[in-house]
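Asker: My questions all concern the structure below.
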């Protein structure tokens, strides 16, 4: 390991979440009353960076926001959490990204997002953060920023020996190219089916491992997680919780996986830790507030072992 704390670099998105709580998700063309509204900070990149920080990693976030009210909220939150903002670039022409999650009483959600400034991060900004990427134990990527930017970050990280972990979301079209530098592909069930296209997901995942990936980890929500690697296929059950909002659960899961791998732990132990992070995130409304802290995750795991 390159530092006392695991070091993680996240190159990704920052999105302001305008969250609506409803009894059930609306049908097309239907108007319905909501139950609650909240404004939260999110974006897959920001959520994963924040979660990694709360789990004890040294984190650098590389992203782009506008020069607006929402950008100020992000910069303020990073300062409050004790996180660096050196590589949060501001755009004078385009505003900060916005998403609208709609969450029903069961915790299920539907999300509409507009990337805005996230789509204007460029290769020069990745180069500006080169030293941070090169010194990372793990680089985390998603599909909420332009592909060439993610690819360049992956190339830099891979050349320095870092683990490259990709959350292939959102999936805009089936068969999307995943660069050879990616070590771990971590989709959810829907994304895995899109990546597999016409073939069974299991065959696709096995082929990725045979092609040289370290592993494919498919998050299954309440069903836990499915792992494919050189040791074969195995499933890890989810921890039982009463869900309130699943919006940030996937990001917490991926952060837990990244931090544990960065600490040098094996994939099985890392997935169990990730499952605990995802479960706890489901119990809190809003993505940013739901990202769990290390002591809470460790206490939760002890409680589960004692049960």
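Glycine is treated like the rest: Cβ placed from N, Cα and C.
Because TrEMBL annotations are produced automatically, they should be read as predictions rather than curated entries.
Heads up, here are the entries from TrEMBL:
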| type | residues | note |
| --- | --- | --- |
| DOMAIN | 6-292 | domain 'Carbohydrate kinase PfkB' |
| BINDING | 15, 16, 17, 43, 44, 45, 46, 47, 144, 251 | substrate binding site |
| SITE | 15 | site 'Important for substrate specificity' |
| BINDING | 188, 219, 220, 221, 222, 223, 224, 250, 251, 275 | ATP binding site |
| BINDING | 245, 247, 281, 284, 286, 290 | K(+) binding site |
| ACT_SITE | 251 | active site, proton acceptor |
Asker: What does the structure give for the C-alpha distance between residue 222 (ATP binding site) and residue 284 (K(+) binding site)? Integer Å is fine.
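Answerer: Given the Cα positions, residue 222 (ATP binding site) is 16 Å from residue 284 (K(+) binding site).
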Asker: By a simple count, how many Cβ atoms lie within 10 Å of the Cβ of residue 17 (substrate binding site), its own Cβ left out?
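Answerer: Residue 17 (substrate binding site) is surrounded by 24 other Cβ atoms within 10 Å.
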Asker: Could you tell me which three-state DSSP class residue 245 (K(+) binding site) falls into?
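Answerer: The residue in question, residue 245 (K(+) binding site), is coil (DSSP, three-state).
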Asker: So of all those binding-site residues, 17, 46, 286, which one's Cα sits nearest to residue 251 (ATP binding site)?
Answerer: 46
Asker: If the ATP binders are 188, 219, 220, 221, 222, 223, 224, 250, 251, 275 per the record, what's the largest distance between their Cα atoms, in Å?
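Answerer: If we measure all Cα pairs in 188, 219, 220, 221, 222, 223, 224, 250, 251, 275, the largest is 16 Å.
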Asker: If one measures from the C-alpha of residue 284 (K(+) binding site) to the C-alpha of residue 17 (substrate binding site), what distance in angstrom results, rounded to a whole number?
Answerer: 15
Asker: Tell me, roughly as an integer, the mean pLDDT over the domain 'Carbohydrate kinase PfkB' (6-292).
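Answerer: That stretch averages a pLDDT of 95.
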Asker: Would you mind listing, in sequence order, the residues at least six apart from residue 220 (ATP binding site) in the same chain with a Cβ closer than 8 Å to its Cβ?
Answerer: 188, 189, 226, 235, 238
Asker: Please list, in sequence order, every residue of the chain apart from 15, 16, 17, 43, 44, 45, 46, 47, 144, 251 whose Cβ lies within 8 Å of the Cβ centroid of the substrate site.
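Answerer: Surrounding the site, in chain order, are 12, 13, 14, 41, 42, 48, 97, 99, 287.
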Asker: Please identify, from the binding-site residues 188, 247, 290, the residue with the sparsest Cβ neighbourhood, meaning fewest other Cβ atoms within 10 angstroms.
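Answerer: Selected from the binding-site residues 188, 247, 290 on minimum Cβ neighbours within 10 Å: 188.
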Asker: If I take the alpha carbons of residue 245 (K(+) binding site) and residue 224 (ATP binding site), what is the distance between them in whole Å?
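Answerer: Here the two Cα atoms are 16 Å apart.
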Asker: Quick one: Cα separation, residue 224 (ATP binding site) versus residue 281 (K(+) binding site), in Å?
Answerer: 14
Asker: Which one is it, among the binding-site residues 15, 17, 44, 46, 144, that lies nearest to residue 286 (K(+) binding site) by Cα separation?
Answerer: 17
